[in-house]
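See below for the structure under consideration.
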């Protein structure tokens, strides 16, 4: 009986082992074999995976690779884009690029030995303004040498706008033209530093201030120097309010002052007993709080 059971369990183990292997060869290397056998070789890693991936073939036309000897310079211009900007020669890359032939009429080229400086100023014009080209002399005429430190001369066709001011009147007001003399009459010379006179139709508004008191305050009439000020000295509104508060704190509000015959008398109700109002049960008041009867007590609700 026991032998048959052992045989059955052995057959079961063999069948399970056959199912687990399922035609696979047994591995030759095992970590628990002794002596240890050499492990299988590890496949090499892809080198340069930490760099940029290679550029695909269909995108190599975007930016050409920079040669090793020119990586510190500007990248070379592709062949199909050389019509935009001509290439800069190697010996002039630190200078300004040469000006094309068709643009030399804009700005003349700077000499090679002076490209890093400013163009030289002629010796005889270093303290003056640069000369005006021939084709621009009609814009602004040149200023004569003897008048450069003065005001520029007035052109002939503009002399009718503002007449010149005479030398002896430059510190005064300019003269009034003849056609505008009817607008404002001229002010005499000895009154220009004073106040203008008050017209006749406005003399009833404010009397003129005397000349010797214009820089002072107006004089105080003699009959008011000894009088009291016009506004009487009354306590302020805040002082009156504080006085009423103090009087209210000192009074007994629970007592009736009464009259002269009967004297003060106290209130009828007891201070600790509330007054009944005839309400019973749970009723809702005016604000739906459920605190009692909606009608007010006889005292007014306070």
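Backbone N, Cα and C define each Cβ position, glycine as well.
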Feature pyrrolidone carboxylic acid, as given in Swiss-Prot - residue among 69, 123, 136, 145:
136
With respect to Swiss-Prot, which of the residues 91, 202, 242 bears the note pyrrolidone carboxylic acid?
202
Swiss-Prot annotates one residue of 68, 81, 157 as pyrrolidone carboxylic acid; which residue is it?
81
Which one of 57, 125, 189, 247 shows up in Swiss-Prot with the note pyrrolidone carboxylic acid?
125
Residue from 70, 124, 201, 212 to which Swiss-Prot assigns pyrrolidone carboxylic acid:
70
Going by DSSP, how much of the compositional bias 'Pro residues' (33-44) is helix, how much is strand and how much is coil, in residues?
0 helix, 0 strand, 12 coil
